[in-house]
Amino acid sequence: MMEPAVQSCAACGDDAHAACRACSYALCRACLDEDAAEGRTTCARCGGEYAAPDPAHGKGNAVEEEEEDHHAPPAAGGQHERVTMGSHLSDRQDEGSHARTISNVSGVGHARTISSVSGSELNDESGKPIWKNRVESWKEKKKEKKASAKKAAAKAQAPPVEEQIMDEKDLTDAYESLSQIIPISKNKLTPYRAVIIMRLVVLGLFFHYRITNPVYSAFGLWMTSVICEVWFGFSWILDQFPKWCPVNRETYVDRLVARYGDGEDSGLAAVDFFVSTVDPLKEPPLVTANTVLSILAVDYPVEKISCYVSDDGSAMLTFESLAETAEFARKWVPFCKKYSIEPRAPEFYFSQKIDYLKDKIHPSFVKERRAMKRDYEEYKVRINALVAKAQKTPEEGWIMQDGTPWPGNNPRDHPGMIQVFLGETGARDFDGNELPRLVYVSREKRPGYQHHKKAGAMNALVRVSAVLTNAPYILNLDCDHYVNNSKAVREAMCFMMDPSVGRDVCYVQFPQRFDGIDRSDRYANRNVVFFDVNMKGLDGLQGPVYVGTGCCFYRQALYGYGPPSLPALPKSSVCSWCCCCPKKKAEKNEREMNRDSRREDLESAIFNLREIDNYDEYERSMLISQMSFEKSFGLSSVFIESTLMEHGGVPESANSSTLIKEAIHVIGCGYEEKTEWGKEIGWIYGSVTEDILTGFKMHCRGWRSIYCMPVRPAFKGSAPINLSDRLHQVLRWALGSVEIFFSRHCPLWYGYGGGRLKWLQRLSYINTIVYPFTSLPLVAYCCLPAICLLTGKFIIPTLSNAATIWFLGLFISIIMTSVLELRWSGIGIEDWWRNEQFWVIGGVSAHLFAVFQGILKMVAGLDTNFTVTAKATDDTEFGELYIFKWTTVLIPPTSILVLNLVGVVAGFSDALNSGYESWGPLFGKVFFSMWVIMHLYPFLKGLMGRQNRTPTIVILWSVLLASVFSLLWVKIDPFIGSSETASTNVCSNFDC
């Protein structure tokens, strides 16, 4: 049966209050009252009677009866108890008193075109229907009333001129872009690009000279040096050209507030925070607690924030410390928001050596700050007591306060656990205000299942959060990275919620900043060159790489969906009921269209959300079945429905009483089996650096990313500042790159079919997975100067004038490239030099081990772990910097350092014995050897420890190596001392 749409007043367009029973001519309440005041009680069109409303103007008129009946359950036999307007019209159609034409327009409701041919219409003297004159007069009166009302309201409530200007400004801000690209000045960028091209040309000429002028007296050394130099040139190209188009960005948070509002009625999107931790004894609970507290206190509407903490070690210590943190948050969060303090991690706020009274005008601030500091110290004592208690595990396992055993006593065999501490239904702060939701999650683990470490834990959080809150955006942080800028979420939303920018943005990456680094940053922990140079360059292409923390994701991008710019899967244009359309031809056309619109080589269940929105409910269900959602996302109808909600929110079909049960189901250890999780959906498995893989897959699908660098750093974390821990951190990163190199996701051959990954972006990803292999030529090249000093040979033949120009041109272009890069990026020369030094230190140690470990893992399936043993501690400032931990990773750089030192001593000894003529070639060899020693100088200081106290094991190793090299030099010296040809060639080199 045809159901009519809600009618509008024929006179003014407002919602109809009553309608004529004969011709359905409808009027609103105001127009009816006006007619009644003028003595007209019948229909102006046909003279019929209106449906009589009740005296209180409540329910009872025809329109309201129809609306009520539309939602009422059907009576027995499928008939409605009350007659609707639609059925009344159908009955009147049969009477024939008024001929009418009724037409339905699908998608717009049920529109009717009603034309009357009855002679009962009343006309005026000019032949114009009287009801039309009345309608026009009603409309004019209505307009006059509205205009006078508006004028009176404007006169009564007219704000001052200053407020009007501010309102206009806010309105203007609301429609302006929320961010802006600040291009690098052409005065800085043009010379930089010109020098890069010049360096590329000079590099080609240099290689031509080196290859065409071999050194036959030291052919092996010459060949090794040329191979190393060619690789270095290739590595430089991979690193340099992705920095061709660097950009800066600026955000406008005030415009974001003007557009979407603030507070309870804000239109800002919801955000789910993810914090991951494993072992509370290695990752102190107090550090994790500060991260959680800084999240709960962010400057963002509380109902839009949820914090999920993943405890992948199922430790009762983490659970209890989180419960204590939730209780302390009831005091800490309102304190932070009341006084707008920064940062909002209490440990770092109270330890700041600044004037905390600056810009504080509230008289009670000092008193409340002292009370809060005392509360925090008491809270720390409670956390420390929990840590002390957890040092020794009871034989019977941990027991909870209610006397039941802790479910996670066996970290490798336990059920999934979820506990909601705060939120809409949880405890409120001490001012009675709602707090953001805080959820503890420990996924199920059973023997025999692959759990995929951090990537698996993050995917579990994705599913849990989708079931419980389903915010459209996800921001993940390591447990030691706290929110340093309370407006960081708003900074990210300036990109994500800007229709002109966020349309195809999969994530917004923030730079990593660190606390507790020594002033000189001896081991380049800050990674300034990477975060302030390389990442800005990538932002001008397809966006920065994902670095594992401090990143705000668009949830739909994690689900494997393509960006809106991808072509939608077209609906079949072939009719399914027509017998004239050949079936095979229809299937073939559909396959061709699908092949053209989807990228075959990505092998994923990826499609555009727009194509689903274009289907009705039946077609949508058929499409969902066709795309095999369960095979992709797993067996959870609640979760599958949440993946289709582009703007987030819990599905309406979800039963709130069973959401926790459903959340437990989606973190089961067997949930991901035979699905696309870790392959095409969520964090990608297959490497210990799952962050690089995850970002790479998104860029291959056509998404882009954004690099956001607020003036106040968004997040801050801690980094290992002693040598051994720093090298093992770099070893893990390099091993992940080697694993990706040997996987099917290698950027050298993956993701070409769609053409979505830009070529310079691909070069940057190739650089991220081949850089560990640079360690092989680097180790060889660092040994060459010492070998030349010990053997009296050299890798460069006699230099001609042209060759001298190429050498000088290459050195000058290298220096100019670095200087101009420092100029446009704004980083200091000390940061650049520390990066150069650690590139060599890490290259000859951690990267070398990563290459061999990756090859062993691929060929033999061996997974070798290099353990670290602490030897000393120091409680003074930066005391960790002087901790020395011997590990096998230190062997190669120590050997190279000793070898070059012995070579320099042997070279000077030989020069003293040989006379004046040997000093010329000595300077060239010593220059290259000193280049190696200068780059390894921070490593040497790390070996020395505090106050130049060299560990005994390093002394023994150095003496042993020095003895071996000295014996070798004594043995071969008689054979090379009489080599006049080599000496003459080398001498002539430096006479030039």
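Backbone N, Cα and C define each Cβ position, glycine as well.
Features of the protein shown, as given by TrEMBL:
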- 54-108: region 'Disordered' (REGION)
- 79-98: compositional bias 'Basic and acidic residues' (COMPBIAS)
- 135-159: region 'Disordered' (REGION)
- 142-153: compositional bias 'Basic residues' (COMPBIAS)
- Ser276, Lys282, Glu283, Asp312, Lys453: UDP-alpha-D-glucose binding site (BINDING)
- Asp312: active site (ACT_SITE)
- Lys454, Asp478: Mn(2+) binding site (BINDING)
- Asp691: active site (ACT_SITE)
- 769-790: transmembrane segment (TRANSMEM)
- 802-820: transmembrane segment (TRANSMEM)
- 840-860: transmembrane segment (TRANSMEM)
- 881-902: transmembrane segment (TRANSMEM)
- 922-940: transmembrane segment (TRANSMEM)
- 952-970: transmembrane segment (TRANSMEM)
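Recorded features from TrEMBL, shown on the structure.
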residue: Ser276; record: UDP-alpha-D-glucose binding site; contacts (Cβ under 8 Å, 6+ apart): Val309, Ser310, Asp312, Lys454, Ala457, Met458, Leu461, Asn476, Asp478, Cys479
residue: Lys282; record: UDP-alpha-D-glucose binding site; contacts (Cβ under 8 Å, 6+ apart): none
residue: Glu283; record: UDP-alpha-D-glucose binding site; contacts (Cβ under 8 Å, 6+ apart): Thr277, Cys479, Asp480
residue: Lys453; record: UDP-alpha-D-glucose binding site; contacts (Cβ under 8 Å, 6+ apart): Asp312, Val688
residue: Asp691; record: active site; contacts (Cβ under 8 Å, 6+ apart): Val545, Tyr546, Val547, Gly548
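For Asp478 (Mn(2+) binding site), other Cβ atoms within 10 Å of its Cβ number 22. Within its own chain, the transmembrane segment (922-940) has Cβ neighbours under 8 Å at 522-523, 723, 782, 784-786, 788-789, 794, 796, 834, 836-841, 844, 893-894, 896-897, 900-901, 903-904, 907-908, 910-911, 986, 989-990, counting only residues six or more beyond its boundaries. Below 8 A, the CB atoms of the transmembrane segment (881-902) and the transmembrane segment (769-790) form 3+ pairs separated by six or more positions in the chain. Neighbour count (other Cβ atoms within 10 Å of the Cβ, all protein chains): 22 for Asp312 (UDP-alpha-D-glucose binding site). The Cβ centroid of Ser276, Lys282, Glu283, Asp312, Lys453 marks the UDP-alpha-D-glucose site; residues of that chain outside this set whose Cβ lies within 8 Å of it are Thr277, Val278, Asp279, Gly313, Lys454, Ala457, Cys479, given in sequence order. If one looks beyond the transmembrane segment (802-820) by at least 6 residues along the same chain, the residues whose Cβ comes under 8 Å of a Cβ in the stretch are 188, 191-192, 195-196, 198-199, 202-203, 205-206, 209, 213, 240, 832, 992.
Max Cα-Cα distance over the annotated UDP-alpha-D-glucose binders (Ser276, Lys282, Glu283, Asp312, Lys453) is 16 Å. Within 10 Å of the C-beta of Lys454 (Mn(2+) binding site) there are 19 other C-beta atoms, taking all protein chains into account.
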